[in-house]
Amino acid sequence: MSETNPAATAPVSADAAPHRYTAAMAAEIEARWQDFWDAEGTYAAPNPKGDLAGDPELVAKPKKFIMDMFPYPSGAGLHVGHPLGYIATDVFARFQRMTGHNVLHTLGFDAFGLPAEQYAVQTGTHPRVSTEANMKNMQSQLRRLGLGHDRRRSFATIDPEYYKWTQWIFLQIFNSWYDDEAKKARPIAELVAQFASGEREVPGHAGRAWSSLSEAERADVLGEYRLAYASDAPVNWCPGLGTVLANEEVTADGRSERGNFPVFKSKLRQWNMRITAYADRLLDDLDQLDWPEAIKLQQRNWIGRSEGARVDFPVDGERITVFTTRPDTLFGATYMVLAPEHPLVEKFTPAVWPEGTRDAWTGGHATPTEAVAAYRAQAASKSDVERQAEAKDKTGVFIGAYATNPVNGEQVPVFVADYVLMGYGTGAIMAVPAHDSRDFEFARAFELPVRCVVEPTDGRGTDTSTWDEAFASYDAKIVNSSGTDVSLDGLGVVEAKERVTEWLERAGAGAGTVNFRLRDWLFSRQRYWGEPFPIVYDEDGIAHPLPDSMLPLELPEVEDYSPRTFDPDDADTKPETPLSRNEDWVHVTLDLGDGRGPRKYRRETNTMPNWAGSCWYELRYLDPHNGERLVDPEIEQYWMGPREGLPHGGVDLYVGGAEHAVLHLLYARFWSKVLFDLGHVSSAEPFHKLFNQGMIQAYVYRDSRGIAVPAAEVEERDGAYYYQGEKVSRLLGKMGKSLKNAVTPDEICAEYGADTLRLYEMAMGPLDVSRPWDTRAVVGQFRLLQRLWRNVVDEDTGELSVADVAESDIDAGTLRALHKAVDGVRQDLEGMRFNTAIAKVTELNNHLTKAGGPVPRSVAERLVLLVAPLAPHVAEELWRKLGHESSVVHEDFPVADPAYVVDETVTCVVQIKGKVKARLEVAPSISEDDLEKAALADEKVVAALGGAGIRKVIVRAPKLVNIVPA
């Protein structure tokens, strides 16, 4: 049986107890409670005003706005990998409701996109028809999972009522410019006023008054300032797709990310967003966001602003050039690191290790050549994101060469390490471990010098041997930075940078430089199924915005939905859009309300990219039925405004895939900042906390032709896999219909129930880690629910089986198990560690099962409340059986008694050179001195040391002692 074979079903024997928790019972319970929630509006989150206003007491509570990256309504529907993030946010939202929050959690659809257009091309069916059918199917699938969404707030980006405001936002951006002095967007009318008054000189028209310029000349001038502008510029033209592509949609080898067609540079007139104007703010404000470091890193690298200095480090008559943003710390550079791909690695790697090379630097290899080759092979298997992400263990090897620090003449060792990339800067860094966290960790791992050159302001002193982390503040004075030709001691960071950069330039050892990578966002697509631009052109080709009264500009009917595609290798072709074929729609006579009366115009026939609708959808969730304005300011302030810990405001939690790091997430941040500058919103950032869930993977089986075969029909024999008698290969990868390995949530819900599916997906592992699907393992969570049910309900009678026992009469072991579970589950749910929360619930449930006899009612009630966020249907049913009329959704989450939570002892691991040699049971409050004495006196430790001296003992009471022998 394959891992994706759903044949392993919930066990039901013929003589099963009549009131046992079964798949049939789960189906009945789940359907009934889902109907109840809908009828009662259980998940309705009240606004402070407007048509969705509600209970003032609930509005007065702390609020949480929890969002998923909304789905595209695919015709294939959902497989079990899709709901992973949706279930996780639902668990978290339920927990937040139970801890006293007004929780907004809903879900819409990102419904413009290429698949529906391709289906329309193939079948002639309008994209809206197929898309709405797909949405209906997915809504049914999602409802069956018991997701607690406020359905009043749902919408699709294809709704004219929605994309009216997408078009409106485009016009706000079109009618704005970025004031570099004010560091914000301003209405274009204010720029026109400056030109008209003479306050600002008209660029390109020296000496001419604004009033003397023709309309076309004025339009050209303003086009150089507008935040949305059309220009004739080199674009990425893909003849095979018949459309132009943004930089982000082109692979490193110059092909389309979708379809793998050749992409050529071609000069075309296209719409662009001047996102580069916001590069500094987009970069700087990342520091205020609670996002994964890997995502921040991708955005930082994509934006690519780097201001600092180029520094040359001599090596054997050659030089290694680095780019550093902290030239003021040059005296603190104690080693260098090259990216594994750096072209100088081979050149500088000698045949033998230099005399005195430490064993820890060699990676266990006999020669530098072997060490570097092995390390490069290891690094080649990692993505850039994996290489740069924060990690506890830093890896690398010494290449066997030393470079000269130009400011003090010191010889510093040169390493190769995967946390340095070739695609950024020069592919080489000067490492200043005292003032960079990654360099600090690397230096500690390889026992490299850590020299303080920026005086700490936190009282830790300059003796780095006592430091636990780097000191990276800019608000400090430079120390230990005096050489023969230049001294920085006593200077502030900014002044020190200027002085050392001047010295580098005088000495011919470097120069001040700026690095910047971000480009303006190409915003035109030659597609049908997208938002039309609210722009028309007059007979002179000048662009004019439609007035608000003409929004939404809806998509017209066309006979052919596809753009014209060409020979993929024909670079001399030009786009032909579907909208351009509807002559009656393209050529119109309109009165734009500008005092000129009716005039002939030509509509823009490109459409907006599929990213447009997702750039602002968090705002529509707040006030989804408002037809008069983008969002009511009071409602936006309530849910998304700046507050303590969130200086830029934004959604409290946003969960979705890491693949959107430099597309959707960057674009949405840009739009938010423009809307903030123009006073339409109070939140300058859309999403304060971002969490990237992992992927549920599945095995893909392929025959000798490389074609995927149905996973459910593959048989395993003697460690090999066969399909219809033919041996097939197996590889872990994505799950999907085309790979013939998809398992649908409908199948699992039918076999076990939605609560079991929810528990299994949450229990598979940490939420941010990818994990393989195994249908055979689902039954484990089903059995947990059966045991839970059995601890509360008599399977023979269906009556409660709990005991009404006073808290004081419950045995201490049960109380300790209960309160430790309550404490642990609360912490785990808050930290989104759902797999360990389920493990703690299981541990408590098992304790109660083994204890025998009826479970005390107060213990059973708290157990049900612990389960409620994870398995809400069975929790509701048990809560009702326990005599409660209210829904468990808004009950208070249990609170642990600290007296029962403290462990009497904890396990301390004793390591020698990083290897575990002993485990000690010690008091949680043991001092570091006493712990060190106990570790050194342990028989196993004494034997392992074998009489060797001790160079250092690292103690982290009460759980770790690390001994470094002499």
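The backbone N, Cα and C atoms fix where each Cβ goes, glycine too.
Note that the coordinates shown come from a computational prediction; the quantities given were computed from them, not determined experimentally.
Feature annotations, courtesy of Swiss-Prot:
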- Lys737: ATP binding site (BINDING)
- 571-580: compositional bias 'Basic and acidic residues' (COMPBIAS)
- 561-580: region 'Disordered' (REGION)
- 71-82: motif ''HIGH' region' (MOTIF)
- 734-738: motif ''KMSKS' region' (MOTIF)
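When DSSP labels each residue, the compositional bias 'Basic and acidic residues' (571-580) comes out as 2 helix, 0 strand, 8 coil, counted as helix, strand and coil in that order. Here the motif ''KMSKS' region' (734-738) has long-range neighbours at 4, 76, 79-81, 695-698, 700, 708, 773, meaning same-chain residues at least 6 beyond its ends whose C-beta is under 8 angstroms from one of its own. Taking the Cβ of Lys737 (ATP binding site) as centre and 10 Å as the limit, one finds 13 other Cβ atoms among all the protein chains shown. Mapped onto DSSP classes, the motif ''HIGH' region' (71-82) shows 0 helix, 0 strand, 12 coil.
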